[in-house]
Amino acid sequence: MENFYNETEPTEPRGGVDPLRVVTAAEDVPAPVGGVSVRALTGCVLCALIVSTLLGNTLVCAAVIKFRHLRSKVTNAFVVSLAVSDLFVAVLVMPWRAVSEVAGVWLFGRFCDTWVAFDIMCSTASILNLCVISMDRYWAISNPFRYERRMTRRFAFLMIAVAWTLSVLISFIPVQLNWHRADNNSSAHEQGDCNASLNRTYAISSSLISFYIPVLIMVGTYTRIFRIAQTQIRRISSLERAAGQRAQNQSHRASTHDESALKTSFKRETKVLKTLSVIMGVFVFCWLPFFVLNCVVPFCDVDKVGEPPCVSDTTFNIFVWFGWANSSLNPVIYAFNADFRKAFTTILGCSKFCSSSAVQAVDFSNELVSYHHDTTLQKEPVPGPGAHRLVAPLPQNRGDAGPNFDKVSVVSDDSRADRNLLLPAILQCDCEAEISLDMVPFGSSGPADSFLIPGQIQDLGDL
């Protein structure tokens, strides 16, 4: 999204030059900033950013189109919508501005107004899709059974339609009606410039819809997700300690087991916090500087001749590209999970370089994120006194037509059914064996003494 302003300082006539001479349009066009080498380097960096954005988001769309089990998951509709909005950023927004950055002038004439509308629409759609994903994950985690009943394809498409409709309403209508400008000068693009000074009303209102309200929603949902995960991690830890105490009658051995369980619980909580910090940190780092300037610049006094602008064009453009760079990072954060990675390796034909059980730590296609540790060490299940009353895990959701690679999920605070624990972790891009924490049965009132922890308990190790 872009908010441009341009202030040209008057030039004093030099000796021997008629001060009343006619200035041609070509002389009005600002010269490119920096030398040839600087502009060449800028072009290479921007080209690499555009290509990476195109490849990453195209892979996401291709994977969903090609593999039926990815299409069968309703939550992947939000990931695809995000990928489409980021593809539009890479096709409709980035290239035109990159050419202008290298050339130093706007070369596309009256396409300027349409480009500004595309810029606002695509950037807003990308951010609103991120907000929709956070809301979807919170609903799935806070009340998983109600979520499974209510999150139909129709409802998912309705949420996506609302996000795109808002994006179109705050972009094309104001821009085409010229409501967004602080002045009525619409001929800037005819002079080799595509800078539009946003008026204060539009700058504030569009920033609220495009960024500030969505970021508040995301902070709230991810904070709540962390608290839910933290509660369930501690509940699982108490179950592990109870099972260990039943199996180990010697007091000193039980004490050692308790200490180890507490350390494991702390490491799991740390991994949850790190993952959610990466999700929010990348988004805020990319977009916050731009939207701060977007609201500050319209209040700058740029009418005083001879005074420098409060924010330089170079600084503003850098932060604009930081925001667009978020579109190249979204596929890595939101689509690099077990399901998508298997699809990517198949599409790219590089499955022989990765084990078939290779997984990623962050999973937004099923629950929120899935935890898979980076070691092959496993602990054998510890039989306790209640082993003869072993409770079998609940079957997985039959509604998923494809293979389910996610072994861990989240339980709500008030849920009375046995569910899997979701333990997110930091993104891992190496080919690693999959180790998971199988289902641990418990009730809403806490661990039951007669329950045995079935399956294998993963050894988290040091981060």
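The backbone N, Cα and C atoms fix where each Cβ goes, glycine too.
In Swiss-Prot, the annotation N-linked glycosylation site falls on Asn6, out of Asn6, Asn184, Asn195. A disulfide bond in Swiss-Prot ties Cys112 to one cysteine from Cys44, Cys47, Cys194, and that cysteine is Cys194.
In Swiss-Prot, Gly35 does not share a side of the membrane with Ala338; the two are on opposite sides. Neighbour density for Cys112 (disulfide bond): within 10 A of its CB lie 22 other CB atoms from the protein chains shown. For the topological domain 'Cytoplasmic' (66-76), the DSSP-based tally of helix, strand and coil residues reads 6 helix, 0 strand, 5 coil. DSSP assigns Cys112 (disulfide bond) to a helix. In the predicted structure, the topological domain 'Extracellular' (104-112) carries a mean pLDDT of 88.
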